[in-house]
């Protein structure tokens, strides 16, 4: 980045910060703060502030490109080493970023809207886990658009404050469905005969109202069965034979039985043993269903971020130095309607002369820009974005 470009960006950022509200996070005085500047390499960290005013005055006077605070709370947040800081606990945080989604790794800004919509979907999925499976109070959860390629979730419930890294990794494992064992959900139970003597063993799965992954797996089983029932025999048999270990004979048996009137009712009750030889067939199908369920319903998040109890994360209402977009605080209810390419834009539309150094296509504020190398004039909001991203220099 040329010096005239960084000077221009600092001027625009200062303009924003002079009027931005910048509400401090809970316990701000116990958090470590870090800053990255356009004209200085590395991060300036191990800072602490006793009040919101002190923090805001610092940001307005120094105009950083990026502002971070720790998820952790410390006795001495400005101490130079972690040991000296004395850790008191940390929020449970989740970083959902397009880089965690295989189809968007290394993608440019051409796919920005589609990419952000996909990450928003993953964020909403993870929030559902936190609210329904873990039972966190919605008031203890905050969400923020990162200003870049994703979203952050902060859980500030007392129950998570003292969790160490291994416990936080276990939470990520649950959210992502990593290591789910079919035997945990599918098992045989004894069926009593005369005088209490066990006469048989029946295959059981989770019922439709089972909590957590159990309920999700039941609904996935029902969904698969309903789909197979709607297909003609040839197509249904073809799909079943894709499951390892299921040949034509087993596929025909399974298909005929799931088309029986009581099949769906039995599945919803968790009874999978409603036809002869059911056990052997279900034992082949269930792992396949679970794999597909985890792929479709499991959350996506950056495990190292969640597990790191000393992590720094972006300060909501600050600007992202790599886009010029605002790190935007959101309620869970407002997330669905939030459009980061409009709602996180803070700059106006005054014309700015820039030189495009990398051809690109950009969509911001409902406008599409198809840009080739060379000098051009852009509205300020688009110019700031491209300058911050390194696609342009001040003309």
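Backbone N, Cα and C atoms are what each Cβ position is placed from, and that goes for glycine too.
Lifted from Swiss-Prot, the feature list:
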- 95: active site (ACT_SITE)
- 97: active site (ACT_SITE)
- 302: active site (ACT_SITE)
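The structure, with features from Swiss-Prot marked on it.
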| residue | record | CB count, 10 Å |
| --- | --- | --- |
| 95 | active site | 21 |
| 97 | active site | 20 |
| 302 | active site | 18 |
Specify the secondary structure state of residue 302 (active site) as given by DSSP, simplified to three classes.
coil
Do you know offhand how many angstrom separate residue 302 (active site) and residue 95 (active site) by C-alpha?
6
What does DSSP assign residue 95 (active site), in three states?
strand
